[in-house]
Amino acid sequence: MMIFGGDPSEVPFVMFDIQHLIIIGIFFGGLVFIYFSRKHNVSRKVEIGAGLSLVMFEVAHHFWLLYHGRWEIDYALPLHLSSISVILIIILLFTRSRWLFEIAFLVGIGGAVQAVMTPVLVYGWPHFRFIHFFYTHVGVIWVVFYFLWHKKFPLRAWSIVKAMVFLNVLLPLIWLVNLRTGGNYWFIMEKPSGASLLDVLGPHPWYILGMEAAALVLFTLLWAVFGRKRT
């Protein structure tokens, strides 16, 4: 079937064509709706339902990879930052953890916004991968802003420290997984093929420090815009 097939030529994705622009419009429209509906109560069932839907999409994605023979341990483990962000969001929806919110907000937004605006994707609408990709990335952003605006969860300066500690605790674990699997999760073993922003951060392994600095700057900017007035 075209929707679940493995050949991207059947439904190719073209960046900034009408299907992509519609998604961007839905993304920003959803943010506007979340902001202006912030005084309305949302049923707990909606939060649980959103969390379960993300779980189902992630499970379905792995089944799709397995079915088409594309599940490889050096790539398909849920250790990419985007996958970790989705896991954090799922737990946040189930637990309403204020502590977890601070990490999920800072870690999730940067990568998810970039993914929505400039996606690395070959499957277009109505393919499952297109739906999964945008549902999960848009979902990450909508959920953290829902907790920021609806639930009034605080984003504090201390949140920056928590997010940096979280990433640096995971970093050696990701490195060990890369050693065992031959993977390149988080691009800490080598830079991605082709031109990338990492090229301006120096050679391996020094660009890892550059990524740390970039994360710190991004987290600080997010706190300055969305959290500073709340502290």
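From the backbone N, Cα and C atoms, a Cβ is placed for every residue, glycine too.
Per TrEMBL, the features are as follows:
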TRANSMEM  18-36  transmembrane segment
TRANSMEM  48-67  transmembrane segment
TRANSMEM  73-94  transmembrane segment
TRANSMEM  103-124  transmembrane segment
TRANSMEM  130-148  transmembrane segment
TRANSMEM  160-177  transmembrane segment
TRANSMEM  206-226  transmembrane segment
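Take the transmembrane segment (18-36) and the stretches 48-67, 73-94, 130-148, 160-177: counting Cβ pairs under 8 Å, 130-148 has the most.
Of the Cβ pairs linking the transmembrane segment (103-124) with the transmembrane segment (206-226) and spaced 6 or more residues apart, 3 or more are under 8 Å, so the two regions touch. Remote same-chain residues near the transmembrane segment (206-226) are listed as 105-106, 109-110, 148, 155-157, 159-160, 163-164, 167-168, 187-188, 191, 198, 200 (criterion: CB distance under 8 Å, separation of at least six residues from the stretch ends). Below 8 angstroms of C-beta separation, residues 11, 13, 19, 23, 26-27, 30-31, 34-35, 42, 50, 53-54, 57-58, 60-61, 82, 85-86, 89, 92-93, 96, 101, 104-105, 108-109, 112-113, 115-116, 119, 121, 123-124, 155, 226 of the same chain, each at least six residues beyond the ends of the transmembrane segment (130-148), sit close to that stretch.
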